Amino acid sequence: MFCANRPAGTVFAARAAFALAGFAIASWAPLVPYIKEELSLTHLELSRIILLMGTGSIIGMLLISFFISFAGIQNALSLSVAALTGSLLLLAAMPPIHLLAPTVFIFGLTLGCVEVGGNIYGTHLEKTTKRILLPSMHGCYSLGEIIALAIICALIFLKFSIFAAIAIPSVILTGITLNALRNIGSVAIFNSDKKHKEKMFVLPKGAVIFFAFISSLIYMVEGGMLDWSGLFLLQKTDISIGFASSAYIVLIIAMAAGRFSGAYLIGKFKNYKVVLGGVSLCATALIAVYFAQNLIIIYACFMVLGFALANIMPICISLAGKQQSMPVIAAVSSISTCGYGALILGPALIGFMSELITLNGAFGALGLMSLALSFIIIYKRRLFAIA
């Protein structure tokens, strides 16, 4: 079991791992144009590289539960964190063309391992400490994104190279994370799941399917905002291209605030009301942004959207750790994989929708889908009685 004499250290270790994962994914975004220019990649070649990163992430999400069972949670997370940072630094150094594909794949693979491994560990921590922890852990993921965007942009502005701008903060954060992970000690993470101990892989079933469905739609929305909000602003307002990412920055700041207040909200309103309220607000914000033309109103919609999305995924993962119909680690892995898979692959679906009904129409369609989901949640509210 967890080292009972070091609960604060184990919680900090989980938060540090989430922050590093957020930092890594946010660092990837500014790297893409540099890699394209340095290696003279075509749009098609770059698209294949990005798809390879997403494929690696999904494979890592599927493999991490087996890695944990074989090596233990401390070794699995520590090795994944070290490999994630190593591959990020190699990408920032602009590797030779023949090393680009395997490096991107390893980056995606280890990112998936850290994200889902962190969720598995966080769920187990919630059960052993009997505290609401996952919202603030996911808040650290958002904080890692904000730190990456702020520090990398600041260092580039100060004339640092892209490699130095990424290497300096990532090495520091990785050192903090690896040191914190030493506090985990020897963790028998499967001990609390004796009912399903022999079943290392099972198909999702029962409430897990429902929570995986919720997480998929919610993360498809978040992924859509990451990839398409800049173009959306350029199409609907007269904002300059240099500020096109400002709406997404508003969203992740609001999301971080929502996640750090998640424990209070869940304690006061309980899981069902927080999820239903979040999905309903998500639908309202997306439908409102469909009609909005004013930049300030659009920013307000993105702020509401970020706050609405904040705690839905953490609650779904937490509930997966409390259900009894399938192994906890398999359940958490399933929901995390569906969610993060939608985050990676969802933007492509939104792009296809935008070809048919315009980008603004695709955002409106996401709003209607979220509205439909809120009615499904009302119908299935009994599934939230797990906790």
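The backbone N, Cα and C atoms fix where each Cβ goes, glycine too.
Residues or ranges marked as transmembrane segment by TrEMBL: 12-29 (among others). Here the transmembrane segment (12-29) has long-range neighbours at 53, 77, 81, 84-85, 88, 91-92, 107, 111, 114-115, 117-118, 121-122, 125, 133, 136-138, 140-149, 152, 166, 169-170, 173-174, 176-177, 180-181, 183-184, meaning same-chain residues at least 6 beyond its ends whose C-beta is under 8 angstroms from one of its own.
Per TrEMBL, transmembrane segment is recorded for 49-69 (among others).
Sequence-distant contacts of the transmembrane segment (76-94) (same chain, at least 6 residues past either end, Cβ-Cβ under 8 Å): 13, 17, 20-21, 24, 27-28, 31, 34-35, 38-39, 60, 64, 67-68, 100, 103-104, 106-107, 110-111, 113-114, 117-118, 121, 162-163, 166-167, 170-171, 174, 177-178, 181, 184. According to TrEMBL, the transmembrane segment annotation covers 76-94 (among others).
As annotated by TrEMBL, transmembrane segment applies to 100-121 (among others). Beyond its flanks by at least six residues, the transmembrane segment (100-121) meets 14, 17-18, 20-21, 24-25, 28, 35, 39, 49, 52-65, 67-68, 73, 76-77, 80-81, 83-84, 87-88, 90-91, 134, 137, 184, 189, 317, 329, 332-333, 336-337, 340 of its own chain at Cβ-Cβ distances under 8 Å.
Here the transmembrane segment (133-157) has Cβ contacts under 8 Å with residues 11, 14-16, 18-27, 30, 118-119, 122-123, 125-126, 164-166, 168-169, 173, 249, 252-253, 255-256, 258-263, 265-266, 310-311, 313-315, 317-318 of the same chain, all six or more residues outside its ends. For 133-157 (among others), the entry in TrEMBL reads transmembrane segment.
If one looks beyond the transmembrane segment (163-181) by at least 6 residues along the same chain, the residues whose Cβ comes under 8 Å of a Cβ in the stretch are 9, 12-13, 16-17, 19-20, 23-24, 27, 31, 74, 77-78, 81-82, 85, 88-89, 92-94, 144, 147-148, 151-152, 155-156. The transmembrane segment annotation in TrEMBL covers 163-181 (among others).
Within the same chain, residues 196, 275, 279, 282, 286, 305, 309, 312-313, 316-317, 319-320, 323, 325-327, 330-331, 334-336, 338-343, 346, 349-350, 366, 369-370, 373, 377, 380, 383, 386 sit at least 6 positions outside the transmembrane segment (202-221) and bring their C-beta atoms closer than 8 Å to a C-beta of that stretch. Residues or ranges marked as transmembrane segment in TrEMBL: 202-221 (among others).
For 241-260 (among others), the entry in TrEMBL reads transmembrane segment.
Per TrEMBL, the feature transmembrane segment maps to 272-291 (among others).
Taken from TrEMBL, the feature transmembrane segment covers 297-321 (among others).
Per TrEMBL, transmembrane segment is recorded for 328-350 (among others). Same-chain residues lying 6 or more positions outside the transmembrane segment (328-350) and placing a CB less than 8 Å from one of its CB atoms are 54, 57-58, 61-62, 64-65, 68-69, 112, 115-116, 119-120, 123-124, 189-190, 192-193, 196, 199-202, 204, 208, 211-213, 215-224, 226-228, 313, 316-317, 320-321, 359, 362, 366.
Sequence annotations record features per position, and here TrEMBL assigns transmembrane segment to 356-379 (among others).
Away from its own ends, the transmembrane segment (241-260) comes close to residues 135-136, 138-139, 142-143, 145-146, 149, 225-226, 229-234, 298-299, 302-311, 314 of its chain (Cβ-Cβ under 8 Å, at least six residues beyond either end). Outside the transmembrane segment (49-69) by six or more residues, the chain places 28, 32, 35, 41, 76, 80, 100-101, 104-113, 115-117, 120, 189-190, 200-201, 329-330, 333, 336-337, 340-341, 344-345 with a CB less than 8 A from a CB of the stretch.
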